[in-house]
Amino acid sequence: MSADLIITNISTIYTPYKKPPVHGRDMMSIHEIHHAYMAIKDGVIIAIGSGNYHKHTGPNTIIHDANQKIVIPGLIDSHTHLVHGGSRESEYKRLIAGTPYLQILAEGGGILGTVEMTRKASFNDLFEKAKKSLDEMMLYGVTTIESKSGYGLNLDHEIKQLKVNKKLNQVHPVHIVSTYMGAHAIPKEFKDDKDLYIDQMLLDMDIIKSENLAEAVDVFCESGVFSVKDTKRILSHAKALGFKIKLHADEIHPLGGAGLGVELGATSVDHLMAISDQDIEKLAHSNTIANLLPGTSFYLRKKYANARKMIDHQVAVAISGDYNPGSCPTENFQFIMQLASNQLQMMPEEVLNAVTINPAFHLGLHQEKGSLEVGKSADFVILDAPNLTYILYHYGINHASDVYIKGKPVVLNRQIVR
Ligand SMILES: N=CN[C@@H](CCC(=O)O)C(=O)O
Ligand SMILES: [Zn+2]
């Protein structure tokens, strides 16, 4: 079978190959193919190897010379708050002066400030702003993201956010997986009646499910936001409706959200800076992914999640960006990977598994994405770097030169292909 496209002259292809979820010490396993090529037909990888690629060429094959650059799978950012109105630099000075994140929220700012701005924004405003951020993410090599609602906090405005995800997924090459997060904060109008807000959310979920606007439901399980009991109620209902479930767990206070996630069969538990040893053990024996977000610790100047302990105890770890206006305002996913390496002390091989196959697994995409193998989607990044470690070592800059999604170039020479 002749290829539509062959990427040749690749110095090294780095790819995970273990069956996901890739736990603990298996996260050190990756394949390195030197002097490599990759042949693609109809958006799917049909051959990958080293040496002579000519047997895959035909009269119409396009050859792309990688000029001795390296190739990795498209990056999968499995936790973002992409769609939101406005920005929160007005809180930045208070934050760096030491005002706690949850105090700003309790005063009606923080997430609730973004809720006001998101409610005021039109669908088009939100769409254009999110599209710009998505372009930026793609320039850094991101080819799939998860995107949450959670700044509308009522049915109409949550649906507005989810419909932005839907439209972006139709018109933008980056693949988007949508999550409903009405349980991101308690809206002002329900300030004194959280249970009534939860009742309302449970009803809203039926509609979101019937309109097929989200695959998963997420809850911010935290002191002053949704308790473990609230979270259990919301996620049990979501699960019964057929949603995947996940939670923002043990971010600031060790409430036991991670353990609850394992108990309920969550696909991921996210943040985990304050996770207990007991819950690390529970995670290790489950298929729930520990989704760590080091960019948030960096921005909020909080302690980092203990990735080393988790990996050493056989937990399956993913790393995500958490792009949002209040705790991680950056689209630079390579910087997030560099933080995972430098601050979480994850080895380059572990980081690669954590930003490709493990997130693909918890998003339910591992059959087609997350590694470079014959039969999988040709989502990959060509990086102007001599080896994998270099992209983590030389930090703060963008190493991605070209990005392909389903075999089509979406970034060439650092420019978006329109
Ligand atoms: N922790 C809760 N939610 C977001 C932050 C949202 C915001 O501050 O706007 C997070 O994942 O960090
Ligand atoms: Zn989040």
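Cβ atoms are placed via backbone N, Cα and C, with glycine included.
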Task: According to TrEMBL, which candidate in Asp4, Asp156, Asp322 joins His79, His81, His248 at the Fe(3+) site - done: Asp322
TODO: Have a look through Arg88, Arg94, Arg308 and flag the one TrEMBL assigns to the 4-imidazolone-5-propanoate site that Tyr151, His184, Glu251, Ser327 belong to.
DONE: Arg88
Task: His248 (Fe(3+) binding site) versus binding-site residues His184, Asn324, Gly326, Ser327 - nearest by Cα - done: His184
Open item on the list: Taking every protein chain in this structure into account, which of the binding-site residues Arg88, His248 has the most other Cβ atoms within 10 Å of its Cβ?
Closed with: His248
- [ ] With the Cβ under 6 Å from ligand 1 as the test, give me the qualifying entries from the binding-site residues His79, Arg88, Tyr151.
- [x] none
Open item on the list: Using a 10 Å cut-off between Cα atoms, which of these binding-site residues sit near Tyr151 (4-imidazolone-5-propanoate binding site): His79, Asp322, Gly326?
Closed with: none
TODO: Under 8 Å Cβ to Cβ from His184 (4-imidazolone-5-propanoate binding site), same chain, six or more residues apart: give me those in sequence order, or none if nothing qualifies.
DONE: Ile111, Lys148, Ser149, Gly150, Tyr151, Leu153, Asp218, Phe220
Open item on the list: Looking only at the domain 'Amidohydrolase-related' (70-387), what is the model's average confidence as pLDDT?
Closed with: 98
